[in-house]
Amino acid sequence: MKKHGVLNSEIAAILAALGHTDTIVIADCGLPIPDSVKRIDLAVELGKPSFLDVLQVVIEDMAIEKVTVAEEITTNNREIYKEIETRLKEANFEYVLHEEFKEKTKQAKAIIRTGEATPYANIILHAGVIF
């Protein structure tokens with residue numbers, strides 16, 4: 001049994017398989033998930049697990065060089081946005097309109113659905129390299 005890092009076997013496998021610039025999404029419970037993208041549904045009830053809880057575990061186990069968020073989060077969900085900025089201060093940030101964000105999710109290797117129920121609590125993580 002694994003002791004540290006991501007314990008969810010599906011998430012651990014996706015992270016291990018990522019190549020440079022591949023993307024994964026951590027999403028609130030309302031983001032539409034394209035049929036063509038692997039869905040890892042962690043939502044057990046409204047608010048659980050939270051977006052920030054899942055984000056923290058993933059960023060501790062993933063090399064990230066860039067993140068993409070919807071512009072709307074900066075004004076409509078400042079609390080989550082400030083936490084994203086703090087936790088990912090080393091990454092480059094890309095801001096797109098929410099509709100474009102949804103289009104970009106079609107290229108992700110997986111979308112991790114949380115129980116988060118606040119607006120625009122979604123992020124695309126772009127894999128970096130560990131060397």
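Numbers here mean position along the shown chain, with the first residue as 1.
Keep in mind that glycine also has a Cβ here, set from the backbone N, Cα and C atoms.
The model shown is predicted, which means the values in this text are computed figures rather than measured ones.
The active site, proton donor annotation in Swiss-Prot covers His20. DSSP gives His20 (active site, proton donor) a coil state; it is part of no helix or strand. Taking the Cβ of His20 (active site, proton donor) as reference, residues of its chain lying under 8 Å away and at least six apart in sequence are, in sequence order, Ala127, Gly128, Val129.
Sequence-distant contacts (6 or more apart, same chain, Cβ under 8 Å) of Asn122 (substrate binding site) comprise Val25, Ile26, Ala27, Asp28, Leu31, Phe51, Val69, Ala70, Ile73, Phe101. If you look up Swiss-Prot, you'll see Asp28, His98, Tyr120, Ala121, Asn122 marked as substrate binding site.
If you compare every pair of Cα atoms in Asp28, His98, Tyr120, Ala121, Asn122, the residues listed for substrate, the longest distance is 13 angstrom. Within its own chain, Ala121 (substrate binding site) has Ala27, Asp28, Phe51, Ile73, Asn77, Ile80, Thr114 as residues 6 or more apart in sequence whose C-beta sits under 8 angstroms from its own. Every protein chain shown contributes to the tally, and the Cβ of Tyr120 (substrate binding site) ends up with 21 other Cβ atoms within 10 Å. For the recorded substrate site, residues Asp28, His98, Tyr120, Ala121, Asn122 set the reference point as the centre of their Cβ atoms, and the other residues of that chain within 8 Å of it by Cβ are Ala27, Gly30, Leu31, Val69, Ala70, Glu72, Ile73, Asn77, Phe101, Thr118, Pro119.
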